[in-house]
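Engineer: Take this structure, written in structure tokens, and hold onto it; I'll ask about it next.
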Amino acid sequence: MVMDKVPMPSRAKAKAQRKKLHINHSFSLNNLFSDPFALSSISITLLSWCIAIAGCIATASDTDNFPRFTWWGIAYQFLILFMVIIFYCYDMVDYYKNFIAGATAVSFVYNTNSATILVYGDGSRKAAASAGVILLSIVNLIWIFYYGSDNASPTSRWIDSFSLRGIRPSATQDASMRARRRNRNNLRSQRFTGDNFYPEHQPQNYMSSMALTGFENPDPAYYTGPNVPLDRNGSVAYSDNNMPGAFTQDMNANNQNNLNPNNFNQNNSNQNTFNQNTFMTETSNGNTDTTMGGTLELYSDAGEESFPYTAQTLYRYQADEDDAYEISFEQGEILKVSDIEGRWWKAKRSTGETGIIPSNYVKLIEDNIAM
């Protein structure tokens, strides 16, 4: 079997791909100091590590039967502590939560193994070393529980609620909501071509009541010809019996008859019969013959919208290409919001672009910034 060779991307193309949809993270200690959980747990870990390393050095200088593998456990714990600090300072914890949880689990095994050897030793030096590794084991267990959980979990949301940066967004929750919304859009875009459903090119039975004052036709215009199959483009295979001209003549005849007051009662008596042939289009709500334009008011761009709230974006967000309702925004951007109910809010950018945004990516601020 001959495999087609895929050309390697050039340096410029690879660099462009790395920068695409990427957030630029800069080093800042404020990212660490603004999170009470990270600051407290890292401080306890650093203090416990100092106690453990001091006790191990003192114990190793006193006796020759000190467990050598404990040195690797202490060094490995310091490496994990250093990496966690770097992740917080660059605000990249959400990208490496799985790695932190797995690496901390390995460190938990190392520390508990060292604790079982040192805790039964005699002397204050071994007691200090055992106390240090026990404290490290406790912190490691807490880290496994926190970093191994999703940001949308109740415990993570409770812990992150005390942070100055607020609750962190959940990638898993956003992906599931995107999938559910995409499925709804696919169902809404389906076209039925059976006996009771017609494509979107079919004329709609709706006209403004203001335009028909005095000339109302209580019966909707419907097609009286035979039900013929549709081709892939949704066009009807016309014949001598179902030409569009006959359909137009029937409509004009109905309008002329409606001008005669004597035919008003007759039209009302035939209304139920005509309603049986009424078809349902894409804009029908399935229960009545009225349009459902108001149902999609959240996604409509027509008309003057009111955006009484002001929000500032906490992170950069790239809209899903498969969802036409989402909009992208940059970190620190000011948006106008019209509705703050639910997980997805309707917002307006300074450029005039309107769409929906995830609520956990923004925070409400005082309305003192002009768009």
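Each position is counted from 1, following the chain as shown.
Cβ atoms are placed via backbone N, Cα and C, with glycine included.
Checked Swiss-Prot, it gives:
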TOPO_DOM  1-36  topological domain 'Cytoplasmic'
TRANSMEM  37-57  transmembrane segment
TOPO_DOM  58-68  topological domain 'Extracellular'
TRANSMEM  69-89  transmembrane segment
TOPO_DOM  90-98  topological domain 'Cytoplasmic'
TRANSMEM  99-119  transmembrane segment
TOPO_DOM  120-126  topological domain 'Extracellular'
TRANSMEM  127-147  transmembrane segment
TOPO_DOM  148-371  topological domain 'Cytoplasmic'
REGION    173-200  region 'Disordered'
DOMAIN    306-367  domain 'SH3'
Engineer: Going by DSSP, how much of the topological domain 'Cytoplasmic' (90-98) is helix, how much is strand and how much is coil, in residues?
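Structural biologist: Across the topological domain 'Cytoplasmic' (90-98), DSSP assigns the residues as follows: 5 helix, 0 strand, 4 coil.
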Engineer: If you run through the domain 'SH3' (306-367) with DSSP, how many residues end up as helix, strand and coil?
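Structural biologist: Helix/strand/coil tally for the domain 'SH3' (306-367): 3 helix, 26 strand, 33 coil.
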Engineer: By a Cβ-Cβ criterion of under 8 Å, what residues six or more beyond either terminus of the topological domain 'Extracellular' (120-126) are in contact with it?
Structural biologist: 55, 58-59, 62
Engineer: At a C-beta cut-off of under 8 Å, are there same-chain residues at least 6 beyond the topological domain 'Extracellular' (58-68) that contact it? List them, or none.
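Structural biologist: Non-local partners: 114, 117-118, 121, 123, 125-126, 128-129.
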